[in-house]
Each structure stands twice: as structure tokens, then as C-alpha cells.
Amino acid sequence: MFLLLVLLVAALPVNAEGGEIIWGTESKPHSRPYMAYIRFNDSKSVYRCGGFLVARDIVMTAAHCNGKVINVTLGIHNLKKKKNTQLIPVSEAIPHESFDNETLVNDIMLLKLERKAQLNSAVDTIALPKSKDWVKPGQVCTVAGWGKLANCTLSDTLQEVNLEVQKGQKCRSMSQTYNDSIQLCVGNPSENKATGKGDSGGPFVCNGVVQGIVSCRLCTGTLPRVFTRISSFMPWIRKTMKLLQQP
């Protein structure tokens with residue numbers, strides 16, 4: 001999940017599912033009740049992503065976390081302790097219509113759950129931003145997710161880390177497709193902490209409002225990272241949520 005850069009990355013196997021939880025800390029159990037653990041599969045394998053509950057029956061995640069079968073677990077902290085958690089299949093997945101699977105531009109998706117989540121102290125929704133909300137360079141916000149430890153074993157517990165928003169030109173120098181109007185440039189290279197592949201789809205939370213989606217499929221040791229800027233997609237989000245919630 002949270003990556004100590006370059007040397008440790010080189011030690012990971014090519015098919016590693018996530019980064020390493022280095023410089024991150026274990027979250028207080030159920031302190032982030034909006035977190036969703038997502039498992040999905042295609043014809044070849046089963047994968048994991050993060051996500052977050054935005055309505056009782058809708059989870060937001062990255063569009064590249066799509067598969068033939070998707071299941072969401074809510075209210076979970078330790079993946080080995082499923083008691084009192086809610087496992088809900090996804091009935092419909094709607095990725096953004098302009099999502100590019102190669103560049104990961106417009107990497108946002110809404111999942112309709114087969115049934116509404118039961119809200120409690122461990123399961124709750126998170127606030128979405130307004131369209132005009134603009135996360136600025138220098139802001140420090142938090143990412144949470146489940147990923148691999150430094151020894152390449154899977155983390156059983158939810159981990160979190162604080163990351164600093166960077167100026168867009170830092171990401172433009174690394175990616176020709178970076179677009180500051182719809183993406184966020186996240187992670188201070190001098191701090192050597194970041195997100196990895198296993199954190200895809202997870203929330204970037206600033207002052208209790210989700211402002212970004214981890215949009216990193218094959219993360220290398222280079223910082224900063226590119227996240228989806230949620231505020232830019234609010235018209236699409238409102239329209240799609242209304243569509244998914246029709247009787």
C-alpha cells in the first residue's frame with residue numbers, strides 16, 4: 001500500500017497486487033466507516049481494490065477496478081475477522097463513459113449494491129465535495145486501504161497515511177496525459193510515502209470530505225502519483241447516482 005520507494009519496489013514480484021505499508025499506520029478500527037473492500041474478477045484472476053460508500057446502496061471507486069463479478073465488504077477492519085461485516089454483491093457498475101483504460105483518464109466508477117447497507121458505527125457514508133471545491137498544492141489529506149507489507153505478505157488490517165498535494169507541473173513532467181482540471185497530483189517525493197496498486201479506488205479525504213480517488217494501477221517507485229479529482233465529476237456523479245437509484 002504505502003510505498004518506500006525505488007529499492008523496495010524493485011524487490012517486489014512483477015505480479016504484486018499492492019505496494020508496501022511503509023510509513024503508514026494502522027487505522028483505528030472503524031474510524032473510517034465509509035471504507036469499502038472490493039474484490040472483483042475477470043476471466044483470469046481475482047483482484048482487490050478500495051472504495052467508499054457515498055449512499056446506502058452506492059460505492060464509488062476507480063473505473064479500472066471493474067470486473068465480471070464484483071463484491072463489496074463494508075464495516076471491515078481486519079480482513080480475517082468478518083463477523084458483523086456486510087458482504088454485498090454489486091448489481092450494476094457504471095464507469096465513466098470517457099474512461100481510458102490505458103492512460104487512466106476519467107478513472108471513476110459507481111457501483112450499485114444489490115441491497116442497501118445497514119448504517120451503524122462501523123458503516124456510514126462519506127461527504128462528497130461541491131463542484132467548485134478545489135484541493136490546492138500544500139494541502140495534506142489522508143488515504144486508507146489494504147495492501148501488501150514490506151515482506152510482501154498481505155496486510156490484514158486497514159492502513160492509512162497522510163499525503164501532500166503537489167503542483168500539477170510535477171505530474172505533467174512525468175505524464176503527458178496529466179490534466180490538472182480532472183486529476184490531482186499527490187505525494188511529496190522527499191517523504192518517501194505513497195500509494196500502491198492495491199490501494200486503487202480508495203478515497204483521498206480532506207477535512208472529512210472525499211476529494212480524490214486513488215488511480216494507480218501499476219505504481220512505480222516514482223512520486224508523485226495521479227489521483228482522480230472528484231469535484232470535477234460532480235455533475236456526472238449526481239446524474240449517475242440518480243439513474244442508479246431509480247426504482
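First residue shown is number 1, and so on along the chain.
For all residues, glycine too, the Cβ spot is worked out from N, Cα and C.
Summarising the annotation, Swiss-Prot assigns active site, charge relay system to HIS64 (among others) and lists similarity to another entry as the type of evidence. Around the Cβ of HIS64 (active site, charge relay system), 20 further Cβ atoms fall within 10 Å across all displayed protein chains.
Look at Swiss-Prot and you will find ASP107 (among others) tagged as active site, charge relay system. Taken residue by residue with DSSP, ASP107 (active site, charge relay system) is part of neither helix nor strand, so it is coil. Under 8 Å, Cβ to Cβ, and six or more positions away along its own chain, ASP107 (active site, charge relay system) finds ALA62, ALA63, HIS64, HIS96, PHE99, ILE213, SER215, THR228.
According to DSSP, SER200 (active site, charge relay system) sits in a coil region rather than a helix or strand. A sphere of 10 angstroms centred on the C-beta of SER200 (active site, charge relay system) encloses 31 other C-beta atoms. Residues annotated as active site, charge relay system in Swiss-Prot, with similarity to another entry given as evidence: SER200 (among others).
Applying an 8 A CB threshold to same-chain residues 6+ apart, the list for CYS65 (disulfide bond) reads ILE38, PHE40, TYR47, CYS49, GLY51, MET109, SER200, GLY201. Annotation comment: Swiss-Prot describes CYS49-CYS65 (among others) as disulfide bond, evidence class sequence analysis.
Annotation comment: Swiss-Prot describes CYS141-CYS206 (among others) as disulfide bond. CYS206 (disulfide bond) falls within a strand segment according to DSSP. All protein chains included, CYS206 (disulfide bond) registers 18 other Cβ atoms within 10 Å of its own Cβ.
Summarising the annotation, Swiss-Prot assigns disulfide bond to CYS171-CYS185 (among others) and lists sequence analysis as the type of evidence. DSSP classifies CYS185 (disulfide bond) as strand under the three-state reduction. Within 10 Å of the C-beta of CYS185 (disulfide bond) there are 26 other C-beta atoms, taking all protein chains into account.
The domain 'Peptidase S1' feature in Swiss-Prot is assigned to 21-242; the stated evidence is sequence analysis.
According to Swiss-Prot, the N-linked glycosylation site annotation covers ASN41 (among others), on the basis of sequence analysis. Residues within less than 8 Å, Cβ to Cβ, of ASN41 (N-linked glycosylation site) and separated from it by at least 6 positions along the same chain comprise TYR47, GLY67, LYS68, VAL69. Classification of ASN41 (N-linked glycosylation site) by DSSP places it within a strand.
Look at ASN71 (N-linked glycosylation site): DSSP puts it in a strand. Annotation for ASN71 (N-linked glycosylation site): same-chain Cβ neighbours under 8 Å, separated by at least 6 residues, are ILE38, ARG39, PHE40, LEU87, ILE88, PRO89, VAL90. For ASN71 (among others), the entry in Swiss-Prot reads N-linked glycosylation site, with the evidence type sequence analysis.
The N-linked glycosylation site annotation in Swiss-Prot covers ASN101 (among others). The number of other Cβ atoms within 10 Å of the Cβ belonging to ASN101 (N-linked glycosylation site), over all protein chains shown, comes to 12.
Summarising the annotation, Swiss-Prot assigns N-linked glycosylation site to ASN151 (among others) and lists sequence analysis as the type of evidence.
Non-local neighbourhood of ASN179 (N-linked glycosylation site): VAL105, each in the same chain, at least six residues away, with C-beta under 8 Å from its C-beta. Sequence annotations record features per position, and here Swiss-Prot assigns N-linked glycosylation site to ASN179 (among others).
Here Swiss-Prot flags 1-19 as signal peptide.
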- Task: Starting from CYS185 (disulfide bond), work out which of the recorded positions listed here (ASN101, CYS141, CYS206) have their Cα within 10 Å, and give them in sequence order.
- Result: none
- Just going by other Cβ atoms within 10 Å, which of the disulfide-bonded residues CYS49, CYS171 has the emptiest spot? CYS171
- Query: ASN101 (N-linked glycosylation site): which of the disulfide-bonded residues CYS141, CYS171, CYS206 is the nearest Cα neighbour?
  - Reply: CYS171
- C-beta crowding around CYS141 (disulfide bond), within 10 angstroms: 21
- Message: I want to verify one value. Collapsing DSSP to three states, which class is HIS64 (active site, charge relay system)?
- Response: helix
